[in-house]
Structures are given as C-alpha cells and as structure tokens.
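Undergrad: Below you'll find the structure I mean.
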Amino acid sequence: MGKAESFEFQDMGKYSSDSEMSNGSKKGGCFVSTAIGFVLTLLAACLAVGVGLIVHFASPGDLECKCTYPGLTSGNGGTGAIVGGKATTITPGSALIDQCKGIVNDGNTEICSVCPNVQITSLKPTSSSPAQATTTTSSPTSSRDVRLPRNIKPDLYTVELQPNMYEGPAKDFTFNGTVKIKMICVISTPEVVLHINKLNITGSITLSAVDDSSFAYVSHSFDSVRQFIIIRGNKDLIAGHNYTIEMSFIGPLKDDLHGLYLSSYKRGNKTVYIATTQFQATDLRKTFPCFDEPAIKAKFDITLVRKSHMTALSNMPKIASVQRGDDWVADTFQTTPPVSTYLLAFIISDFNYTSAVTTNNVTYRAWARPEAVEQTRYALSVGVEVLTYFEDYFNISFPLPKQDMIAIPDFAAGAMENWGLITYRETAMLYDPKESSEGNKERVAVVVSHELAHQWFGNLVTPSWWDDLWLNEGFASFVEYMGVDHVHKDWKMFEQFVVEDLQDVFNFDGLVTSHPVYVPVTHPDEINEIFDRISYGKGASIIRMMRFFLGEGTFKRGLTRYLNGRKYDAAFHDDLWFALGNQSKDEGKDINVKAIMDTWTLQMNFPVVMLKRDHNNIVVTQKRYLRDYGAKDPGKYVSKFNYAWEIPFTFTSQSKANFNQTDQDVSWMHKNNISLLLPSISPNDWIIGNVMQYGYYRVNYEESNWNKLVQQLDDNHEKIHAINRAQIVNDAWNLAKSGDLDMRIALKTVNYLAKEREYIVWEAALGELGYVDSMLERTSLYGSFANFMRDTVEAPFNETNLADSSLPHLQSYVRSLISAQACEYGIQKCIDQSKELFKNWMSSPDNNTINPSVRSTVYCTAIRNGGVEEWDFAYQMYKISNLASEKSRLMSSLACSRETWILSRYLQYALTPEEIRKQDATNVIVHISRNPVGRSLAWDFVRANWNKLLKDFGEVLYKFARLLAGTTSSFNHPFDLMQLEEFLKAHPDMGSGTRAFQQAIEKTKSNIKWMESNFNVVEEWLKSRGY
C-alpha cells in the first residue's frame, strides 16, 4: 500500500458484520412496546397451536428476520390459528406479516425471539434462497480465533463479476457474480470455512468431491463477528482429496472506498461511473466468498462483464471477449500465478492509456480519465525505468507479462500494489510539467517506486499474516528511495530519507502507546490500525540501518536469497533474518542478524545513546527514550529485552571528521552490556554519534559537547554534513521535550539557521519550530516568537522571489519552505507579491502564471488576507481543475481563511460529496484544524458529526486514525485533555482509531508538560535576543 495522501502520509473501522445478534434469547428481562407485545403474543399463539408460517423479510437496516413455524395449513391455503378464542387465518399478505416487517424495519428484532428456528442475520451475508437446507447465524465472543482453519487449501478460483452501474440512481447500484473454488483437503474436516462480508448468497450452494459422487452439500451457516461462512456436506472431507465449492451472490456497489466499490467523475454535467477495487487488508470477502488471508495463495481465473463502451482490467492480460447480448461483453483474463487475495484487482471504466515496453519486454500501460491521460507520461517513464532497475538489483525478473497502473478519481490511500494492476490516487500518479510543482513530481516518482518495490516485497513473497505487515511496507518504504535515486541522482533521496521517514517516525515511536514493528493482530480493526508510521517509517528505518551494518553487497545478495527462497509463497520475518544472516556468514562476516533485529522488531520505542567523557575516554550508554517518562505504559506490549537494543554505533570527531563511513566502522553496543568504551578523543574536539543517522536511535551529550556543536554551526556549519546538522537539531529539540536536555541548548541549535541553505536541515528545523508555534499560538508570547521567525527567514527569502521559475529541484524545495514561512510570519514583501499574483489570476482565470512550486503559499496567503471573494474564486477553480495536484493545493489553501463563517461552511462541504470528494473529506477537516481560527471549529465539528465520520471512514484504511491525530495535534491545555478524556468515556468504541485516540491523549499530556516546563524558558530566550 502506498503512503497515504496526507500527512502528507503520504497513510485506512468496523469490519464485523452489519449485525452481531444472538438467537434472540434474553437474560435479565426484556422490555418491549405495546405494539411489539401484541404481535409477539399473536405469533406465540400461532406457534402454540402448531401453525405453519414463514415470516421472511429484510429491513432497510440490512437485517433479515426469518421465523419458521411448523404446523398445519388451513384449507384455504392460509395458516390456521386460534387467538383469543377466535379462529384466525394468516396468509402471506396478512397484516401480521406487514406489522412484523414494520417492527423489524424500526430495528426491534425481539419479534423474532419467539421462533423455534430463528435466524437473525445481516442481509450481507445471508441466504435468499428458500431451497437452502439449513442456514443459521451465530455471534461468537470476540475472544474466539478469527483466523481460518488450515484444513482446506484452495488451488484455483474461477470468478465472474458483473457491476450493475448503468441505470437508475447510484445508491441502488449492485454487482453480482459467481465463484467456483477448486481445493484440496489438507486435514480431514467436517466443514469448509471461508470469509464472506456484506454479500447475499443467491441460488443454491454446491459442494462436491472429485472422486465421490455421493458427497453433497447439506447446510451452511454464518459467523457474523468473524465474517465466516461455514459449509457442511453429508460426510467429512478427507485429507488428500479434491473438492469444489460453487455459489452465486449479489452485493451493493457503494462509494465506500473498499472492496469492489463505485467511483465517479464528471464529464461536463454528466456523471461517469466506474467500478474499481481496494482489497487490502480484508475486503476481497466483500466481493466474493474466499479464503481471505495473505498466506492462503491460489490461482485465479477472472471474468469481468461490462457494457461494450467500457474497458475491463485485471491483474493479467485479457485473453478473450464474448458478446452476452443486450450490449454486455464478458472479458476473460489469463490465469494468475499463485497470489494472495488482497492483491487482486478488477476495474471497469472508460479510461484511456499511454504505453511503453521495458528493456526486458514487459508491457507497461498507464491509464487515466480520457481528459487526464496525457498527465500519465511522467509516471509511465519512471515506472518503466524503475521496474527494470529492480529486476537488475534483485536479480529476479518481474514475473508477469504486463504491468498496468491506473489513476482512480476516488481512492483512500496513495496507491495499492495489486500485482500487475497498480491503483493510484490521481495526485500520486498524474503530473503536468506546466502545472505541477517539483513536490508533485517527486511524490509521483516516490509512489510509483514504492508500488513497484511491492511487486517483489509483498507480491512475490508475502507476509504469512498481517503481524508482519512491515515486511511489505517497511521494505517498500525504503526501496522506494533506491528506485527514485536511480532515476534522479540530483534529488539526494537518501538525505531526504532522514527527515521524511526516520525523524518523522521518531515522533510516533517515542510514545508508550506505540507498538512493536512485529505486532500480533486479529480483528480487522487492529489490522487497519497498523497501517501506520511504525510499519512504514520505522520498518524502512531499521532496514536502512541493517543495510549499513551488513554492507551494501551483502544486503543486496541476501535479499535475492530471501526472495528466491520464498517466491510465490508466504514468509515470516525469521525467514528474512536467516537469509541475510546466512549470506553474511558465507561472506565471512557471520553477523547474527536475528539476534540484532529481534531487539528492533519485537519491542517498541527506541534508545537514546548518551556520550560522556571519562578522562581521556568516551563512555557510551543506552536507555529507552520516551517523549514523556511519566506517561503510564498501558502494558499491552512487554519487552522481552527490558528495553535494551543491539546498537550499531558510529561516531566522528572535529579533528578527524569522517562522514563517509561503512560497516567496517561500526562498534557494537550489546543489549546485555549497555556501555561501550570509545578511544581517546581530544578534549577540545566535538564528537558526533550516529554518523549520517544510519542508526535508529537518538544521541545525547554532556552540555560541553552540545555547546561545541552549537559553536561549530555558528562558525562554519558546512564542516558538519547536512544529515548530521539535521540530526543535531532534531535530537536536541526532542531530548528537550523529554527532559533529557535543557531547552536552552535546543534553542541555540537554530541560532545559525538564517545562514542555512540545505533543504533537509530547514525541514528538520521548521518541524521543531512549527511545534513551538502550535504550542504558543494562543498565548501572549506568540507575537515575540513570530518576530523571531520573521527575522530568521527574511534573509534567505530576499535571495529569491515568488516568480522565480528556474531553480533546481531541492533549491525549489527550500524556496517553497522559506516563502511559506515568510508570508505566514508577516514579511510584507511576501504578502504583497502573493496578493498581486492571485489578483492577476482572478482577473484572468484561464491564465495562471503563478509558479507551481509556490502556488500553495500564494493561494493560502491571498485567502488568509482576503475575504469571501478570494475564497469563492479559489473554490470555483478547485471545482473545475482537471489536475489532481492543483485541486489538492487549492483544497488545503481554502482552509487558510480567517473568517469563521467561511471555515464553518467549508466544514459542511467536507461531508457533502457533491462539494468535496469522500476521499478528501477528512483531509479538509484536518487542514482547517491547523488554522488557529479553525482549530476549535474542527474539533467541535468532529464531535458533532462523530457517528457519521465513524460510519463513513471507520472502515477505510488510514483515514480515521489520521483524522483523530490531525485534529488534536496542538492540544496543550488541561481543558483540552479533559475534553478528550470525557469524549473517550462517551465513545469507548473508536474502531480503527483506537490507538490514534490513545496517542492523542498521551501527546496532549506531553504538550501540557512542555508548556509547564518550557514556556518561561522560551520567553527568556526570546527576550535575550531582543524579542
């Protein structure tokens, strides 16, 4: 899965059935209305006299109540009963059934509890065929195992799907299909257990044995909590024998962004619908019944039925098209290799494509809306080059005959690595060289590279279960940098890694509510939760560290060994450790990779390494870093290593500065011997630990060494490599947050910043200064801080201007950062230029001459300093833009208004799909929350619309957790904390946002502590500098 759109994480819940109801038995009393009591009495009377009656109906709430009363049929074809001493005839059309239906429609299902053979099920799944023998639904407790039994192994699925999206209102769209599964019994069993969710089974289910004609289907039942369908035959399935299951089904085609779902776009005033998919992590079961776990690989024969003007795509090339009549066409695709269920993809659209062929003869196509297809050419060129590079680097050919990529108008994440058919959000794939910024260009390249890395890490070799998700996402998040670096050497991708991933994930992993890289998960909500910065950013960071201490050659050959050893199969993280460890042993290094990496993957958080002088030596020690050492550890994850790590330590010094170190320079600090003695270093020298920040740890020093580093930055900052300059700033400020370092020292690390011109250092520094900004924005000290920031950025801002369009990639990044700060902190030249550029655009809407790399700054500044006229113009441009990245810029800039009523209107738009796409709704709310005027508005809006937000986004990967984290990130007052804790008490079920809300509370406590400890320190520091 690609990085989600915004953080720009650049990062997805209720997955249980629609209802989880028991069989109607109640304990402790049952209270019903008079109307319900009357009908219950009537039904009970019917039952008492042996009435034969079936009440079988579905409610709009997707519940089905089916009550069967065995008995005699009256002579007129109705059902005879005696109620209140009077003979009564009940026919299927009688008022009793109508009243029953009305009661269940209102959500009162206790009506069904009088039935001897009750079934109350979700309509999805359920059986609508009266021919089925026995169908029941149970609701097991959450403690039961949600994993499928391993008695059955599927070999080949034959699937046909037909989306019905061409007539009638979109809310009524459906899809129907059939599935036939050939399978082998591995362990004898009385039943076959598959996954199913939100589907209706239509017609009969067939269960047959290849070599036993007497074997047949008998019954099936549903387990709504675990999303199981359990199918039984007339005898046990025998190990070593082959069996087949066949069934047909129908399901809703909704715009819910997961499973087989509906997307759309406008062509003029006409809405064009497409059917597309997102199955990771547990949503193929929402499209057809299947063994929906990553390790249960099988082959698939896919047929997609479409209208003749549409195009069907799947993982493999199309091999046949058959006319079905009434303008329907059935496209059949080549059989897939063994593949995990979540990697399938089915798309029916009217899109066009550009294409190329790689040097290794793989057909590569890039698809988009016809209006945007020319914007696919850059992604196509990067994809072709990176795919070939990965083939060469891993020494394993891409195993499929074609690779498609497609930009979907509605997509929750950044992209999805479906084997042979990668789906993208439009902003992650489409690029216009005239209208897109350098940042847009890099995002496209990074996401394309990330998804292609998955074709090996995740697709060819798949984690056995979601607890090893990081084997997918961590590897792809690191290897993406390798791919882009191959294409664009001048972008310094490996330097960018430090601020984009390593330092970013430190913020998350310094909490007691973090989690290990390898984390046990069962429920789909828990699975969705771990699509987070730990699986992506920490996974990537420890892989980068491992590459360093193994050496590039050993690492590369070890990966090939791992991939070849597990291809077309599933893997556990130990498989990777053994492959790399054995490779290092073969090359004479004999590094115990498992012993090292277990300390980084099986416990959460990370160490801070302390360097102290002891006479002529340097003593190095480690301890667990926490942003708030007073935070209560919930105890969910217990460290088997007592929070000690195997640390590959490196260092350099002032007189022997060496920032070009290799695995040969590593000194190991072991978990059982947490101190390390370094050779003598001149007492006049500064020392830097963790050279190039290859290690996943922070470094602290005695105050004297910190002061030497600060002095070096002031005197000649370029003597220290840019990566370690960024590290010094990031470590100092975060050690100050935790209380490990005096805040006064952290403040000194940015004294020199006006002289800095490297992007990664500015990114690191502004991240920390931005935190201070968010802490102070509602205090009396903010004006002094804003004056300091204005003076800091004024000199670098004056070196360029907003109209300059000739800057190289990273210089363009620096200009974007500096100009944004200049306008935000009130440099009048920046504000005036922005207003003038925006005014010119308003006077000529078809001719936007604003440089794409500063458009976000210009738009935001003009809207912040303007009124409703500027806002409405920008919103109109947002609505009509054909470029996704431009729409994204405008969408975020619209949140910059200082008018409360405009922001309130914008919040309402966020939940109106006709105004803001559903995929972008939570982003809008978060953008508004980052505006000081909008912070309280956004939080109030989230609370007021909680049920709708949970319903709409609780099941969508990334979205809900990001919403909670984003809208609460600047909370720093005891009243904020009280609101969070009270809200949690009122809404204990947070779904896939549970961990994010716990972290919001922990971060708020930490922010409160920061204010108590550092407000006066910052005030004194500002005064000492004349502010």
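Each Cβ is built from the backbone N, Cα and C atoms, and glycine gets one as well.
Note that TrEMBL annotation is computational and uncurated.
The compositional bias 'Low complexity' annotation in TrEMBL covers 125-143. The feature domain 'Aminopeptidase N-like N-terminal' is assigned by TrEMBL to 153-343. Summarising the annotation, TrEMBL assigns domain 'Peptidase M1 membrane alanine aminopeptidase' to 378-600. For Glu451, the entry in TrEMBL reads active site, proton acceptor. Marked as site 'Transition state stabilizer' by TrEMBL: Tyr536. Taken from TrEMBL, the feature domain 'ERAP1-like C-terminal' applies to 686-1005.
Describe each of these features in terms of where it is and what it packs against.
TA: There are 30 other Cβ atoms within 10 Å of the Cβ belonging to Glu451 (active site, proton acceptor).
Using a 10 Å radius centred on the Cβ of Tyr536 (site 'Transition state stabilizer') and all shown protein chains, the other Cβ atoms total 30.
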Undergrad: Summarise the model's confidence over the domain 'ERAP1-like C-terminal' (686-1005) as a mean pLDDT value.
TA: 92
Undergrad: How big is the Cα-to-Cα gap, in Å, between Tyr536 (site 'Transition state stabilizer') and Glu451 (active site, proton acceptor)?
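TA: Given the Cα positions, Tyr536 (site 'Transition state stabilizer') is 13 Å from Glu451 (active site, proton acceptor).
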